[in-house]
């Protein structure tokens, strides 16, 4: 080991300085925090249907009113996601995450004691609006604190937390909603019962994530972009210390530059990207400066390709994923039949026998469909982990194209199967390409410069999410009236998405793209 003083000081690019900080404890810590934030976002934004079902009797909601609990929170996310991305770009990733998570927790607690369904709906919408961008913002923070070699893999693995959260929500609802207890709260004139407890459980992770977020550091890349060079270097030293259990004064890499100088100490940093003047400007001018560059060279092509693929993935796999409880329940109920039934025959039989898609005006609590949700999300979460690890050996582009084409083909062929086991496998394969959203996330955090990265990362999926909401309604209608057409249409769209994915950049192209983001002077 070299003694103190056997290093040279040097000014290095940010990515090199981040590599020198190492990959170990801090990276696991920040990954765990981002996974926690993903759980929080999922619990809040996706909790509407569970709460609407549980509160139907007490709040006297109709079927249409319960449906609003599925769409209105998504509208809240849609309206504010870009704003939160902008705030993360101008006020800091860690700071805005902490604020939004605490706000979500407080609003979630208040919503638990709602006295009217409209009050509950408004509060759920506000809670979703303030925390809806947290998942994508946390991915921005994670990407800026992770060395290039491991960056895309960690971003991809974070999506497994989303899938796990979806399954865990179903499992928690399965246990909590049937509980028969009721405590009168005289000051509000309400009864604290199972659905209120469930909403409380879904709100608590926001507080936990906020506390964890307070314990982490701001993105050093954001600090450097904001002109706070000393703070950025200080954070990198702390990351180095946590990763290597070494004194921050020896922030260096282990490796030989020459036989005489085996260590380097980072003295100052360079952010090799185009930047903008960070001085005080009007709000709208500042927003425009962080929005218009998304549709300009050199990122314009990637913005359009990623937006298109987000739309394809959300409108097909994500939309069909929402129908998973009903479709799997139909398959299970028909599994013992001696008749040779296609998946659509099973769905039609289920509709005729139980009228699942046409909910009653009463408020029966059917939690049986939650069991297959838990099972399928566990499978998809593991599948996402496997695909993420495979990126060390196979390029993201190749994996994305392969998964998309196979999923689309499964959707097109599913109507030809008259064996319930084969139909189950084909349906699982079809919706498995939902993990491609994680691959798109890994691209989006790399394509854009730091000064508007969070804005872009939050804005990109919006079109896909909006189309997913419309696609879910269309799928529900088609499953009722023309089931086979639903799989042909959406299977065909998914298959076409595989060919669109050929426009994604290769890993080598991504390296060249990062060179294009450098200021002209630094490229000479």
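The backbone N, Cα and C atoms fix where each Cβ goes, glycine too.
TrEMBL entries are annotated by machine, without manual review.
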Need the matching range: TrEMBL marks transmembrane segment on one of 341-361, 425-445, and I'd like to know which.
425-445
Range among 154-177, 226-249 that TrEMBL annotates as transmembrane segment:
154-177
Which stretch, out of 399-419, 462-482, is listed as transmembrane segment by TrEMBL?
399-419
With Cβ-Cβ distances below 8 Å as the criterion, list the same-chain residues six or more beyond the ends of the transmembrane segment (126-142) that contact it, or say none.
30-31, 33-34, 37-38, 40-42, 44-45, 48, 73-74, 76-77, 79-81, 83-85, 88, 93-94, 96-97, 100-101, 103-104, 107-108, 111, 154-155, 158, 162, 203, 206, 209, 219, 441, 445, 453-454, 457-458, 461
For the transmembrane segment (399-419): best-contacting stretch of 26-43, 302-328, 369-392, 425-445, 485-504, by Cβ pairs under 8 Å:
485-504
Tell me whether the transmembrane segment (425-445) sits in contact with the transmembrane segment (154-177), defined here as at least 3 Cβ pairs under 8 Å among residues 6 or more apart in sequence.
yes
Compare 26-43, 68-87, 99-120, 154-177 by their Cβ pairs under 8 Å to the transmembrane segment (197-214) and return the stretch that comes out on top.
99-120
Looking only at the domain 'Major facilitator superfamily (MFS) profile' (30-509), what is the mean pLDDT?
87
